[in-house]
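Trainee: Below: one structure in structure tokens.
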Amino acid sequence: MYLINQNGWIEVICGSMFSGKSEELIRRVRRTQFAKQHAIVFKPCIDNRYSEEDVVSHNGLKVKAVPVSASKDIFKHITEEMDVIAIDEVQFFDGDIVEVVQVLANRGYRVIVAGLDQDFRGLPFGQVPQLMAIAEHVTKLQAVCSACGSPASRTQRLIDGEPAAFDDPIILVGASESYEPRCRHCHAVPTKQR
């Protein structure tokens, strides 16, 4: 499925927080390195939770990454010997990320992106739905609901231990102090009808 001698393609890894998206991205990048392929990893500058220059999973796995402010800055770091381009926290990139990913895949690169497919309200997040639509491979991961133990497909934002309101700002970078994985039935967003 992931032969490098094929022309370029797009892989999307998505799901809720704590579902293992960054861990899976790191695993795929490490596999390419074992195969002596050249990979480069990018992350948005806004994601500085664990490290400024690494993609770090919640369980501590990490890989070196290039922080970028704008999607098109990715092009400045691509060289001909690259085989694989990986992008973590893709939901935080600007709208140009879809075009950037398309161009890279069309140029023959394997492009792996990872990100949240839904925001804390349970709505499609950023450009991830568009990337899912154009990808050759989509992997949707689930966490475990912190309230009941069921498979969790949503991310619950908590403010002082209570669910955040529907009209709170969409982007709030954080980890377990601000977010929990939840299933459809335990996910709560005050002032929104289900």
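Glycine too: its Cβ is placed from the backbone N, Cα and C atoms.
So Swiss-Prot says this about it:
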type     : residues                                                   : note
BINDING  : G15, S16, M17, F18, S19, G20, K21, S22, D88, E89, V90, Q91 : ATP binding site
ACT_SITE : E89                                                        : active site, proton acceptor
BINDING  : F120, I170, I171, L172, V173, G174, Y179                   : substrate binding site
BINDING  : C145, C148, C183, C186                                     : Zn(2+) binding site
Trainee: For the binding-site residues C145, I170, I171, C186, which Cβ has the most other Cβ atoms within 10 Å, all shown protein chains included?
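Mentor: Result of the Cβ crowding comparison: C145.
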Trainee: Any idea what the Cα distance is from I170 (substrate binding site) over to M17 (ATP binding site), rounded to a whole Å?
Mentor: 14
Trainee: Cα-Cα separation of L172 (substrate binding site) and C145 (Zn(2+) binding site), in Å?
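Mentor: Their Cα atoms are separated by 21 Å.
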Trainee: To see if you understand the setup: which same-chain residues, six or more apart in sequence, place their Cβ under 8 Å from that of C148 (Zn(2+) binding site)?
Mentor: C183, H185, C186
Trainee: Could you say which of the binding-site residues M17, V90, L172, C183 has its Cβ with the most other Cβ atoms inside 10 Å?
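Mentor: The residue with the densest Cβ neighbourhood is V90.
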Trainee: Could you find out if DSSP has K21 (ATP binding site) as helix, strand or coil?
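Mentor: For K21 (ATP binding site) - judged by DSSP and reduced to three states - the answer is helix.
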Trainee: Starting from each candidate's C-beta and looking 10 angstroms out, tell me which of the binding-site residues F120, Y179 has the most other C-beta atoms.
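Mentor: Output for this query is F120.
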Trainee: For V90 (ATP binding site), what is the secondary structure by DSSP, using just helix, strand and coil?
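Mentor: The residue in question, V90 (ATP binding site), is helix (DSSP, three-state).
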Trainee: Using Cβ-Cβ distances, find the residues under 8 Å from S19 (ATP binding site) that belong to the same chain and are at least 6 apart in sequence, listing them in sequence order.
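Mentor: The list for S19 (ATP binding site) reads L141, Q142, A143, A152, P181, given in order along the sequence.
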Trainee: DSSP on G15 (ATP binding site), three-state: which is it?
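Mentor: Going by the DSSP assignment, G15 (ATP binding site) falls within a strand, counted as strand.
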